[in-house]
Amino acid sequence: MWARVLLLGVLLSLLADLHAASGGDAGGQKTWNPRISDCELPPEKGPCNNLELRWFYNLKSKRCERFFYGGCYGNANNFKEINECDRRCVSPDINKPG
């Protein structure tokens, strides 16, 4: 019985540490946001050789810009339509200073 209680306490402690490390309850600091992280990635053509016109969010210009995607792999900063890129990445949350 005590072993189960001890194990439960250890598991809850590990979960709390994991939650804090992932940005949850950061004491007023910005928390981790996967949408913003995706938009901060550089454009990634990937290893394939197709020439697919795609859009990526350029963190420096704060705009969605065109690039050629190879057709495989790449990353999440890769949108088929500029409207999708704008909707996901061009927002007040990203453009606000630190």
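Glycine too: its Cβ is placed from the backbone N, Cα and C atoms.
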Which candidate, CYS64, CYS72, does Swiss-Prot give as the disulfide partner of CYS85? CYS64
Would you kindly give the Cα-Cα distance separating CYS39 (disulfide bond) and CYS48 (disulfide bond), rounded to the nearest Å? 22
Per DSSP, what is the residue tally for the domain 'BPTI/Kunitz inhibitor' (39-89) in helix, strand and coil? 9 helix, 15 strand, 27 coil
CB neighbours within 10 A of CYS64 (disulfide bond), counting all protein chains shown, number 22
